[in-house]
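Engineer: Sending over a structure as structure tokens; questions will come in a sec.
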There are 2 protein chains.
Amino acid sequence: QGTRDHPPAQAALRERLLSAVVSCFKRHGAAAIDTPALELRETLIGKYGEGTKLIYELQDQGGELLALRYDLTVPFARYLAMNKITNMKRYHVAKVYRRDNPATTRGRYREFYQCDFDIAGQFDPMIPDAECLKIVHEILSDLQLGDFVIKVNHRQILNGVFAICGVPESKFITACSTLDKLDKVPWEEVRSEMVGEKGLSPEAADRIGEYVQLHGGLELIERLLQDPKLSQNKLAKEGLGDVKLLFEYLTLFGITGKISFDLSLARGLDYYTGVIFEAVLLQQEKEHVEEPVSVGSVAGGGRYDGLVGMFDPKGRKVPCVGVSIGIERIFSILEQRLEASGEKLRTTETQVLVATPQKHLLAARLKLISELWGAGIKAEMLYKKDPKLLKQLQYCENTGIPLAAIVGEQELADGVVKLRDIATREEVRM
Amino acid sequence: QGTRDHPPAQAALRERLLSAVVSCFKRHGAAAIDTPALELRETLIGKYGEGTKLIYELQDQGGELLALRYDLTVPFARYLAMNKITNMKRYHVAKVYRRDNPATTRGRYREFYQCDFDIAGQFDPMIPDAECLKIVHEILSDLQLGDFVIKVNHRQILNGVFAICGVPESKFITACSTLDKLDKVPWEEVRSEMVGEKGLSPEAADRIGEYVQLHGGLELIERLLQDPKLSQNKLAKEGLGDVKLLFEYLTLFGITGKISFDLSLARGLDYYTGVIFEAVLLQQEKEHVEEPVSVGSVAGGGRYDGLVGMFDPKGRKVPCVGVSIGIERIFSILEQRLEASGEKLRTTETQVLVATPQKHLLAARLKLISELWGAGIKAEMLYKKDPKLLKQLQYCENTGIPLAAIVGEQELADGVVKLRDIATREEVRM
């Protein structure tokens, strides 16, 4: 349940998509790493907030207690700490596992690919953070997914908002995970969960509501820096300073047109400590709707300066920022689009079919195809001793093989091969 | 335990290796598929002989009982049956999981990659089987791993041998799994396990011993076809006929020089029904040893005509033959070789570092790098506001970046960029 096989057409589309994402990561100078799909259970516990209950655990068959990785970020942090690496730019494309309620039509699965790019190291503020946003912008533009917006917020600003609204510090994380639902449900519902389940006072919730419904650009940042209460809060002020600097760099990258500073963005994971962001695709409704409708998040990430330290015996921190591309949703969109277009993706790369027009010529086919493979040519033949020529040519048409190399008795006698262009039916002897 | 992280240098080498294997599979016209790492536990149970106890099971957290895949063959058969596919040539590169005793120096892990190529469908005998052997031959030759031999046997010949030696049919599979150890331990040990643990009579074991220590080429096949006892056994006779035809095709492919018909080859898995094969690398010992020493299996496979039917509600069979490349052992060899050569593999593909020679030029770097990325150029910069030029050039040397694009105050004023070749130190303004 919640997993799927990828038949060849899907696998080919996925390969195309992943290769677009990976080339962007490589364009930004990232190295690949790979980590096991299995992690020690203790590595994963307590890193994902309410997600922890979705972790797949392995049966205790003796030895270590294991679990399947939930994301690629925690394994990356564990890897850095274990190897005492303090400086690294890496990408990782791999499957992760979550015992979530699958919603497969919206591209939500229990086993799914993540494509992560992260920058670890002590650097000047906001330069790596800006590059992560640039990467999201490049990938979503390259894939031509239509209009999108990248929402940006900062954990310290949120914490500052909670603080000045009277939320005790012990409830910051849980308040964040409630707030995280604001992109799916209206504020009234979020407010009632904050008051009901999370035990915030109604007044605190109302004060939070005034802030978290704000979104805008540089002018909003400037306005909040002047906000009498928020500007008095050290965390919020630092966060606003970061976001202001970030916008400066994003302006130099020329991508602020797609960036929205959005105070409702919270991100559910415990480990974020600074800038957080999430990209959503916008879909123009057909009639009378002024604001574009969001069709869901396709990328997200943020800064997590404390995570590596949790795996280091001495608690040494390595600041990190990263982005994860939500490949499954993008894949669903591309799949629907391909289906609508009627275009048929080839699932193999075969260049030529080796064919014979008469019986008793299997040996000739085997010899010729062996020669072609030896020359690096992608070649197939039918696995029949005496296939009909029509069948062989139909196989080319069905699978998109552009050429047939035909050896008949006459060709054998003349020491030639007849090369046929399947589409034009032109033939040359060579 | 038994798993490993791949740091960038290893990941880069692995990418190179996998891409060589995949291009061979594509050259033979295979399409890619992907299946989940999780399978229903019942799908895997009873398919792997003594391997079944090495299956990783997931904890029962409600819902289906799951396990991690043990190989890619059973999931492929399950996929064919589920989708009623009777004809397919596919490859699959993915990780599989076995709770084995790890022997990491010899490339044996609990999580490891398999690279599988399989041909499913009802075809004329031995044509697909011959192609699988051709693929092994091509891959091992391409990778220049040194001398190798591909051992070939046939399950029906083995069953025939067991039958004429007086082994009851119910013990064929267990006798096979004992025989499978003959490449690691001497015949005496195998014999004593057959008699002791497996309950064969000493006379039966001795008779088996006479056959299974034979190996050779076409002349051995001909000799066994004349063997008074073996030729009377229907299974053995069919098997020998298959192997004879196979050798005919392999002769046309020109690869019989590396093929050995070897009656000791058994392969441990339950599901094989016909031709089986295994490739081993040969290593010349330095002194006084006449026969080359085997350093272990690097590829294996065979025909499994009954497996798909086990997953079909009506038991409909789809004949299959396939090969699995033991990428981990090959990887270990290439890794050791790379280490010995002292060659340093680049872990990134960055073409140019955007650098500045004075302070207060971050904006210029951000603008230029953004332009380069936009043009598809792989570019990096240091994440510092004011890095020293020397540091920037050292970064190029350490990571193998061939060019630096330098923008200083003068270049900015002149509207040019200074392009520096790191190796030659030549500079051009452009």
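Placement of Cβ uses the backbone N, Cα and C atoms for every residue, glycine included.
Curation plays no part in TrEMBL annotations; they are all automatic predictions.
Note that the structure is predicted; figures quoted are calculated from it, not measured.
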Engineer: Given that TrEMBL assigns B:D71, B:L72, B:T73, B:Q114, B:D118, B:R267, B:Y271, B:Y272 to the L-histidine site, pick the one from B:R27, B:R41, B:R98 that the record assigns to that site as well.
Structural biologist: B:R98
Engineer: If we count other C-beta atoms within 10 Å, could you say which of the binding-site residues B:T73, B:Q114 has the fewest?
Structural biologist: B:Q114
Engineer: Mind checking which of B:D71, B:R267, B:Y272 has the fewest other CB atoms within 10 A of its CB? They're the binding-site residues.
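Structural biologist: The binding-site residues B:D71, B:R267, B:Y272 were compared, and B:D71 has the fewest Cβ atoms within 10 Å.
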Engineer: For the domain 'Aminoacyl-transfer RNA synthetases class-II family profile' (B:1-357), would you mind checking the mean pLDDT of the predicted model?
Structural biologist: 92
Engineer: In whole Å, could you give the widest CA to CA gap in the L-histidine site formed by B:D71, B:L72, B:T73, B:R98, B:Q114, B:D118, B:R267, B:Y271, B:Y272?
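Structural biologist: 21 Å is the greatest Cα spacing among the residues binding L-histidine.
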Engineer: What three-state secondary structure does DSSP assign to B:Q114 (L-histidine binding site)?
Structural biologist: strand
